Amino acid sequence: MSILKVHAREIFDSRGNPTVEVDLFTAKGLFRAAVPSGASTGIYEALELRDNDKTRYMGKGVSKAVEHINKTIAPALVSKKLNVVEQEKIDKLMIEMDGTENKSKFGANAILGVSLAVCKAGAVEKGVPLYRHIADLAGNAEVILPVPAFNVINGGSHAGNKLAMQEFMILPVGAENFREAMRIGAEVYHNLKNVIKEKYGKDATNVGDEGGFAPNILENKEALELLKNAIGKAGYSDKVVIGMDVAASEFYRSGKYDLDFKSPDDPSRYITPDELANLYKSFIRDYPVVSIEDPFDQDDWEAWQKFTASAGIQVVGDDLTVTNPKRIAKAVSEKSCNCLLLKVNQIGSVTESLQACKLAQSNGWGVMVSHRSGETEDTFIADLVVGLCTGQIKTVAPCRSERLAKYNQILRIEEELGSKAKFAGRSFRNPLAK
């Protein structure tokens, strides 16, 4: 079924910034997709086109991206009469029309908005759920429900506290199914709220951009201690493990790292990559830490490689790999990490996201599907994570409805699959292993 009409508009994300929404019409109806955006962005990401008109939305408007869709992409897709099930063909056409390495002509936010809407339309055209259509596009015969990684303590660029490391997460790997994982996550979250309130006062339980708490602590170890405490109080010490997203590029200073980067600059307190690696190893020794994302700067390749070889845990590349097949290939050959963080808006199309995922999986890596800090009510990544069988999803604390929208969609998928539902559980790093 061909595309009859495409119309884009500016809407708002969860931080009150404009973002792109696309309506795509076929004879089967209307298909709508909205594009997320990130706060800590890697320098190798596809370009998110903003207007930079300071008189409007502090320069963050996306009217140019919207115009590229309405005036250029839409007429091309309608006139070519492409079938919406031909995801790769449509994505390729948009990428070729853009003609730049990083999608800077139309903007990755323009191309992705259309790409997501096409994918939703393709599923209905085939008469299958979106997760099944995505599984077909990826060549997966089965689908798997992921372990949720709840980011419950926020620091770094996401929070106004002193904490350098950006995210402290809980993963309920011992749950029987996704619904139980959600219950465990919610109960630990509420216990954590009480633990923080008792120790730091009620105002320490205000939530950040991503629904997590941002108590004013400086020591990263203190965040782990709070988590351990809350997990124990909830009664789930045997079922919940911990993950971290350090986002170390944010505090990388000329070859070293500044764990107090939100205070006035003082080079005497910077630490070396080796000292930082030893700090991580002490966390792994003293707490159930099983996954660390972006432990070093996006260009500190040597530190990544040394750490991945010796840490014995999941090491996730986000700023390092930015969902970009070229960066992933380099990281694979250098053994820099062993898990890809998959963000559809870092690369800017469904087809390239699937390629990045398959490239990582075929090299024995894990893959974690992720939201962005500026989210919308769009639930595409819920179906994506199930269809791609990655076994793990990061869309933050069980708080704020733009986050819960994703979790609730996975609950519905689990219910729909019934007895066929498979939950990744403790195999979250490689759920397809036989």
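Heads up, the Cβ atoms here are built off N, Cα and C, so glycines get one too.
With a 10 A radius on its CB, LYS5 (N6-acetyllysine) counts 12 other CB atoms from all the protein chains. In the three-state DSSP scheme, LYS5 (N6-acetyllysine) is classed as strand. Among the features that Swiss-Prot reports, N6-acetyllysine is placed at LYS5 (among others).
Annotated Mg(2+) 1 binding site per Swiss-Prot: SER40, in sequence order, evidence recorded as similarity to another entry.
Annotation source Swiss-Prot lists N6-acetyllysine at LYS64 (among others). In the shown protein chains, 16 other C-beta atoms lie within 10 A of the C-beta of LYS64 (N6-acetyllysine). Classification of LYS64 (N6-acetyllysine) by DSSP places it within a helix.
Under 8 Å, Cβ to Cβ, and six or more positions away along its own chain, LYS71 (N6-acetyllysine) finds no residue. Residues or ranges marked as N6-acetyllysine by Swiss-Prot: LYS71 (among others).
The Cβ neighbour count for LYS89 (N6-succinyllysine), using a 10 Å radius over every protein chain in view, is 13. LYS89 (N6-succinyllysine) falls within a helix when secondary structure is assigned with DSSP. The N6-succinyllysine annotation in Swiss-Prot covers LYS89 (among others), and the record cites similarity to another entry as its basis.
Per Swiss-Prot, the feature substrate binding site maps to HIS158, GLU167, GLU293, ASP318, SER370, HIS371, ARG372, SER373, LYS394. Cβ contacts within 10 Å of HIS158 (substrate binding site), excluding its own Cβ and spanning all protein chains shown: 23.
For LYS199 (N6-acetyllysine), the same-chain residues 6+ apart in sequence whose C-beta sits under 8 angstroms from its C-beta are PRO215, LEU226. According to Swiss-Prot, the feature N6-acetyllysine maps to LYS199 (among others), an assignment based on similarity to another entry.
LYS202 (SUMO2 cross-link) falls within a helical segment according to DSSP. For LYS202 (SUMO2 cross-link), other Cβ atoms within 10 Å of its Cβ number 10. Look at Swiss-Prot and you will find LYS202 tagged as SUMO2 cross-link.
Secondary structure at LYS228 (N6-acetyllysine), as computed by DSSP, is helix. The Cβ of LYS228 (N6-acetyllysine) lies under 8 Å from the Cβ of ILE242, TYR287, PRO288, each of which sits 6+ residues away along the same chain. Taken from Swiss-Prot, the feature N6-acetyllysine applies to LYS228 (among others), supported by similarity to another entry.
Non-local neighbourhood of LYS233 (N6-malonyllysine): ASN191, ASN194, VAL195, each in the same chain, at least six residues away, with C-beta under 8 Å from its C-beta. The N6-malonyllysine feature in Swiss-Prot is assigned to LYS233 (among others).
DSSP assigns ASP245 (Mg(2+) 2 binding site) to a strand in the three-state reduction. Sequence-distant neighbours of ASP245 (Mg(2+) 2 binding site) (same chain, 6+ apart, CB under 8 A from its CB) are ASN151, MET165, GLN166, GLU167, MET169, ILE292, GLU293, ASP294, VAL316, ASP318, LYS394. Annotation comment: Swiss-Prot describes ASP245, GLU293, ASP318 as Mg(2+) 2 binding site, evidence class similarity to another entry.
Within 10 Å of the C-beta atom of SER263 (phosphoserine) sit 10 other C-beta atoms, taking all shown protein chains into account. Taken from Swiss-Prot, the feature phosphoserine covers SER263 (among others), and the record attributes it to similarity to another entry.
LYS281 (N6-acetyllysine): 16 other CB atoms within 10 A of its CB, across all protein chains. The annotation N6-acetyllysine is assigned in Swiss-Prot to LYS281 (among others).
Using a 10 Å radius centred on the Cβ of SER291 (phosphoserine) and all shown protein chains, the other Cβ atoms total 23. The phosphoserine annotation in Swiss-Prot covers SER291 (among others).
Counting only same-chain residues at least 6 apart in sequence, those with a Cβ under 8 Å from the Cβ of LYS343 (N6-acetyllysine) are GLY38, ASP318, VAL322, THR323, SER370, HIS371, ARG372. DSSP assigns LYS343 (N6-acetyllysine) to coil in the three-state reduction, outside any helix or strand. Annotation source Swiss-Prot lists N6-acetyllysine at LYS343 (among others), citing similarity to another entry.
What Swiss-Prot lists as region 'Required for interaction with PLG' is 405-434. For the region 'Required for interaction with PLG' (405-434), the list of distant contacts is 129, 131, 142-148, 171, 173-179, 181-182, 314, 339, 361, 364, 366, 371, 377-379, 381-383, 385-386, 389-393, 395, 398: same-chain residues at least six beyond its ends, Cβ to Cβ under 8 Å.
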Which one of these recorded positions has the most other Cβ atoms within 10 Å of its own Cβ: ARG372, LYS394, LYS406?
LYS394
Cβ within 8 Å of the substrate site centroid (HIS158, GLU167, GLU293, ASP318, SER370, HIS371, ARG372, SER373, LYS394 excluded): which residues?
GLY38, ASN151, GLN166, GLU210, ASP245, LEU341, LYS343, VAL396
Closest by Cα to LYS64 (N6-acetyllysine), out of the recorded positions LYS5, LYS89, HIS158, LYS202, SER291, is LYS5
